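Swiss-Prot lists 1-144, 167-225 with the feature region 'Disordered'. Summarising the annotation, Swiss-Prot assigns compositional bias 'Acidic residues' to 60-69. Here Swiss-Prot flags 99-111 as compositional bias 'Low complexity'. Summarising the annotation, Swiss-Prot assigns compositional bias 'Polar residues' to 118-128, 172-182. Annotation comment: Swiss-Prot describes 341-383 as repeat 'WD 1'. The repeat 'WD 2' annotation in Swiss-Prot covers 391-431. What Swiss-Prot lists as repeat 'WD 3' is 442-481. The repeat 'WD 4' feature in Swiss-Prot is assigned to 499-534. Sequence annotations record features per position, and here Swiss-Prot assigns repeat 'WD 5' to 537-597. Among the features that Swiss-Prot reports, repeat 'WD 6' is placed at 601-641. Taken from Swiss-Prot, the feature repeat 'WD 7' applies to 647-684. The feature repeat 'WD 8' is assigned by Swiss-Prot to 694-730. Annotation comment: Swiss-Prot describes 737-780 as repeat 'WD 9'. Taken from Swiss-Prot, the feature repeat 'WD 10' covers 791-831. Residues annotated as repeat 'WD 12' in Swiss-Prot: 889-927. For 965-1005, the entry in Swiss-Prot reads repeat 'WD 13'.
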Amino acid sequence: MSDAEEAPREATRENGETEMKEEEEPNPNYKEVEDPQQESKDDTLAWRESQEEERKTGEEEGEEEEEKEEEGKKDKKIVMEETEEKAGESQEKEASGIQEETTVEPQEVTESMIRLETQITDSQSVTSGIFPKTQRGSKSKLSLQLEDAETDELLRDLSTQLEFLDLDQISPEEQQISSPERQPSGELEEKTDQMPQDELGQERRDLEPENREEGQERTVSDIQSKAGISRESLVSSTTEDILFQKDKSAPVYPLTMTWSFGWNSSLPVYYIREEKQRVLLYVCAHTAIIYNVFRNNQYHLQGHANIISCLCVSEDRRWIATADKGPDCLVIIWDSFTGIPVHTIFDSCPEGSGIRAMAMTHDAKYLATISDAEVQKVCIWKWTLAVETPACTLELPTEYGVQNYVTFNPTNNKELVSNSKTWAIYYAWYEERDTLAHSAPLLTEKTFNKLVGKFSQSVFHLNLTQILSATMEGKLVVWDIHRPPSSASTFLGFPYIKPCKLVHLQKEGITVLTTTDSYIVTGDIKGNIKFYDHTLSIVNWYSHLKLGAIRTLSFSKTPATPPTEKSNYPPDCTLKGDLFVLRNFIIGTSDAAVYHLTTDGTKLEKLFVEPKDAICAISCHPYQPLIAIGSICGMIKVWNYENKQYLFSRVFEKGLGVQSLTYNPEGALLGAGFTEGTVYILDAMSLENESPEPFKYSRTSVTHISFSHDSQYMATADRSFTVAVYMLVVRNGQRVWEYLARLRSHRKSIRSLLFGVYLDSNEPRLLSLGTDRLLIGYDLLRSYKDCLEVLDIHHTDQGCYPTCMVWYPPLTRELFLLICNSGYKVKLFNATTKMCRKTLLGPAYGSPIEQTQVLPVRSMAELQKRYLVFINRDKVGLQILPVDGNPHKTSAIVCHPNGVAGMAVSYDGHYAFTAGGHDRSVVQWKITLSVLEAAVSLGGEDLTPFYGLLSGGREGKFYRELEDYFYYSQLRSQGIDTMETRKVSEHICLSELPFVMRAIGFYPSEEKIDDIFNEIKFGEYVDTGKLIDKINLPDFLKVYLNHKPPFGNTMSGIHKSFEVLGYTNSKGKKAIRREDFLRLLVTKGEHMTEEEMLDCFASLFGLNPEGWKSEPATSSVKGSEICLEEELPDEITAEIFATEILGLTISEYSSQDGQ
């Protein structure tokens, strides 16, 4: 069954029209068998024998079973009689011409039939990554037959009335998007109380063959009853309570979202349901959150790869629509009862701009979207039909401004209104004409001779002939809708609107305009909420709540309870003074606070207050389940992340934005760095100042804070490339923090600031790493007031820049620093000598690693099995240690599409936390290491995972060439012209390695070659004390894959070099003059001698044979004989250099950094 609401069974007639029939009660003879294994037997005889045994058992059951059978027979007769009566009634209605029918276009039927007949689905296909679908084939029949004639007849009769099991073919689109909702394409009624779940699945049944084989019906029904399979989908059979039931299934991902702190206060929050549980809907980054306030549970609607830009809900709160902005943008419709995505629109914006505004009709049949492109498009979607194209589309002129709000007429789903800040547009949809007409009168100050103000929101007036548009000047523009009289024979034109009057409601700007029951409701920038009747007369208001600017108002779908003697509804402000009876509602404010107002007694409850600005700083307590979250708005909040309980917070004075947070190793202190350079040391349990005054030794944002292992030192780094150190001293018998010294030690931004311990003592050591490729050690013992001593400086990279640094866990006898760089590499440096001991391919998920931490061990048994948690630009991931380049040892998931600002790991290693920066959220991820280990096991052993990194794999052309070059290097090292017996071995000398590397397309620099030599030579030195001077083919393959650029030679890297070295020529391209090009080769970087340069050009221009330099028998052209002025053009561009001079085949992958 598809995961959607089931519609009542339809009787299909020859003319292609359908009549809706009421859903029948299930027959009591449908009951589950006690031995479900019988359904899996394919042997017909064995199946029949089991049926005989069950029948004999049933005869011995007693009088109760006999009575049930008699009742079943009676129900069967009643069902048959009802069917006959309804068939007669339908014929009478059809004859009298009073039957309301929905027409299916012949072309649509034909196309759908062809699709159903030709497409075959795979039995293992998965829908939406959640529920597997069984194999469906309309021509395949099950061989199981019934022997009991009475049961056979009963099932045959029921199969014509009950909803049939969806075992027919479905299109791949239905599989992929799990969209079981169907409607005929004919015009639907404008006013209807029937919800879409009464129509879902209708189109597929309309397109079914009239006469399905009775044998298949019997077989389907029988298998369904025997196996206990529900005849209803999960979406149609669920209740509201199922969403928050605990999922006991085993996790299937290494990282699973368990909680999201914060919310996107620029989007609305909706009141989903209230009866037994208070449930809200809001957005965090790219995830929609369904939050149960009473249970303190969250359910996450995950499916978007970009930040969600808008969302809406149906009037009954059953259906949720979300949309995003960015590449491959999606529109997803969800079932709020189950959390299942019932339909996905993949190509809503082919240009990739995303959706700016969205609305759903009150009956939830149609969805309207407005794109966020420069030329906006208004589209109306019949989403219940699971179509991939809109029913109609309208492009808006750019002079209308950016339309950022849209809503349907609640009583006519063919009318809409939208507005930008300066223009309101009325739409009328003519479905039969495939036309979306619009009217957008120009409104200026001269229209009413008064200042109108900028529009905020618009709604349809309760009197059905007017539209209201609210402005930021506290006014309402009233528009009259002029509809031409309806005529069956002639078309009298499209409707249009005209500005009628300007009503000055209040002084405060109106930010929210909506309707509920018989009231028009406004919310303003001062936090006031006011209610007006249809004449725009004030009825009541809430002005004493002391709220921020109103961002959203969402009223409960449950009507207000009638007043009783115990009720405490306030009186309205009319002369009669009637009780102001109103639904409860949710209030969302621009300062990221959400409130619930119980109108009976006017009880305001604060549900949560979250940071209203970017969240860049998070830190986990070292031995308690606490997380501190800091925001640019100056708020620090501390949560217990085990029970999801907010504990305490502190809001600093205006202008102090929290940029960095770190607990000290004892967990007693919390260091906080601020955007304007201030450093606070706070008590971790109260957030009160530990020092009398904060430290102010920087003028720029403090980006890093770190404590030494004994909490005697604290170091900070800021955006002016400066490292500052603070020290704990004893003054007058009290321990106080004092400033020690600071030093601008880097030329570019500091990426890591790390304390460690010296191997020969327990003294702390301090290291800093910058994008200037410098690793700097500081001498804390020799430092004194205002003088921070530098111990040593080392270069970490040549072309790429380092991104982060962490102490490598003690998995080996050697102590390492693990440094990640912008070239997707992970490097291990000896902690003492700073020699690069190993270079490895790190996780490559679209951007380099930006931060990483070693996952704390959970037990002593796990000391030899360690893991890294890392973040890159938009993802969080896990990496199994030791890193060896195996791509199956890592996994990542999108956590914040617009960028990750920070990361933290719980003290027990169970959770990772990511801060989303400007998306104002922090996500908690549960770590399941067993899933990642399973992926490694499935990826293969030894070299199997590495073969997948080669073009063509183990049997491909590239690997064959690599083998040829490897063994050819043995011949060359022994001499090409030697007459002695060849000694073929499994190894080559290290001196041959650079030549083989270059022969297969990897051109390492001299520094990289030295790193490769050191890596191989000292690979076993610590364990054996011996140096290695040769390498075999498997080890060579690993070295090659770990050292080469992960995406090959890219034009982006060459273009970046020309951006730095070149000038802009007459064609607008970066170029280098020939003289400058030759001068750079012999003077900059790993410069050549002039002879080496000329020899290289001779080889590149084909003047020297291959292998000339190492094969004495070959003759070569002397470099002095080459005339470079003739061979090289006057100016050299990146394309000329790559293709004409070097002769490279360049990859089009140009989005990687550091290549």
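Each Cβ is built from the backbone N, Cα and C atoms, and glycine gets one as well.
Note: the repeat 'WD 7' (647-684) comprises 0 helix, 23 strand, 15 coil (DSSP; helix = H, G, I, strand = E, B).
Using a cut-off of 8 Å between Cβ atoms, the repeat 'WD 6' (601-641) and the repeat 'WD 3' (442-481) share fewer than three residue pairs, counting only pairs 6 or more apart in sequence. Averaged across the repeat 'WD 1' (341-383), pLDDT for the predicted model comes to 92. Counting residue by residue with DSSP, the repeat 'WD 13' (965-1005) contains 20 helix, 3 strand, 18 coil. Nonlocal intrachain contacts for the repeat 'WD 12' (889-927), taken as residues 6+ away from its ends with a CB within less than 8 angstroms of a stretch CB, comprise 251, 253-265, 284-287, 304-307, 326, 592, 610-625, 627, 629, 631, 641, 842-843, 845, 850-851, 853, 855-858, 867, 869-880, 883, 935-936. By number of Cβ pairs under 8 Å, the repeat 'WD 8' (694-730) is matched best by 647-684 from the list 391-431, 537-597, 647-684. When DSSP labels each residue, the repeat 'WD 10' (791-831) comes out as 0 helix, 23 strand, 18 coil, counted as helix, strand and coil in that order.
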